[in-house]
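One structure is given here, and the rest of the page talks about it.
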Amino acid sequence: MEASRRWPYAAWFMAVLGLVAVFSSSEAYVFYAGGRDGWVVDPAESFNYWAERNRFQVNDTIVFLHDDEVGGSVLQVTEGDFDTCSTGNPVQRLEDVAAGRSVFRFDRSGPFFFISGDEDRCQKGQKLYIIVMAVRPTKPSEAPEPAGAAGPVSSKSWSWQAFPPAGATTPPPLPPSWGSAPEHAQAPGKSSLGGSGGGEMSRSSSLGAPPPTSGAAGLAGVVASVVVGVLGALLMF
């Protein structure tokens with residue numbers, strides 16, 4: 001009789017732990033192409049160099065901030081069209097979710113290529129390629145990877161393995177307006193958008209989103225500790 005009373009508590013406990021696990025493993029991050037300078041022509045820092053300093057995973061999102069009045073459209077293209085700045089047959093033309101804001105969500109691992117919708121602007125450096133890493137489950141007993149395994153891609157002659165996203169689902173639709181930049185990334189000011197974007201832009205301003213913080217994981221640990229304590233107290237009676 002006593003054991004049958006404990007079953008509902010055990011089931012409730014397992015359900016909560018499942019929710020905590022999902023919460024702690026479903027984080028996705030937002031990156032602004034080019035950092036605070038935005039999607040500009042002739043950037044002070046190459047967009048590809050900016051991408052090498054960041055780590056992209058499946059379900060992350062990249063935002064292209066541009067000035068509509070100077071042809072700041074964004075195209076996803078093949079590698080061949082990326083090399084030649086060909087805009088005639090894009091894989092996808094990114095739609096604006098708000099004025100001057102084009103958004104793309106990475107739904108798989110592997111390479112992605114983006115160029116300006118204006119071929120002349122693409123030739124001046126408004127182009128970007130990104131290598132997206134697959135989401136891999138954490139294994140406590142797994143041996144550490146070699147020192148250079150997770151380093152940045154040094155050139156377009158990369159070597160990578162494409163892993164299907166583990167349990168990845170289609171993310172919810174984006175809101176009609178992207179109201180504000182996330183806490184870990186700053187949107188560029190109006191003065192840094194459009195124009196030539198030449199030598200006046202400092203390299204230090206081309207910062208991407210910093211590495212993810214451990215706030216969600218810490219919260220998950222607190223929740224799990226509280227649940228264990230409550231369950232232990234209930235089983236004492």
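Backbone N, Cα and C define each Cβ position, glycine as well.
Keep in mind the model is a prediction, meaning the values are calculated, not measured.
Summarising the annotation, Swiss-Prot assigns signal peptide to 1-28. Summarising the annotation, Swiss-Prot assigns domain 'Phytocyanin' to 29-134 and lists sequence analysis as the type of evidence. If you look up Swiss-Prot, you'll see ASN59 marked as N-linked glycosylation site, on the strength of sequence analysis. Among the features that Swiss-Prot reports, disulfide bond is placed at CYS85-CYS122. Here Swiss-Prot flags 139-215 as region 'Disordered'. The compositional bias 'Low complexity' annotation in Swiss-Prot covers 140-152, 201-215. According to Swiss-Prot, the feature GPI-anchor amidated serine maps to SER206, an assignment based on sequence analysis.
In this structure, the C-alpha atom of CYS122 (disulfide bond) lies 26 angstrom from that of ASN59 (N-linked glycosylation site). Within 10 Å of the C-beta of ASN59 (N-linked glycosylation site) we count 20 further C-beta atoms, all protein chains included. Comparing ASN59 (N-linked glycosylation site) with CYS85 (disulfide bond), their Cα atoms are 27 Å apart once rounded.
For the disulfide-bonded residues CYS85, CYS122, the greatest number of Cβ atoms within 10 Å around a candidate Cβ is found at CYS122. Broken down with DSSP, the domain 'Phytocyanin' (29-134) shows 23 helix, 38 strand, 45 coil.
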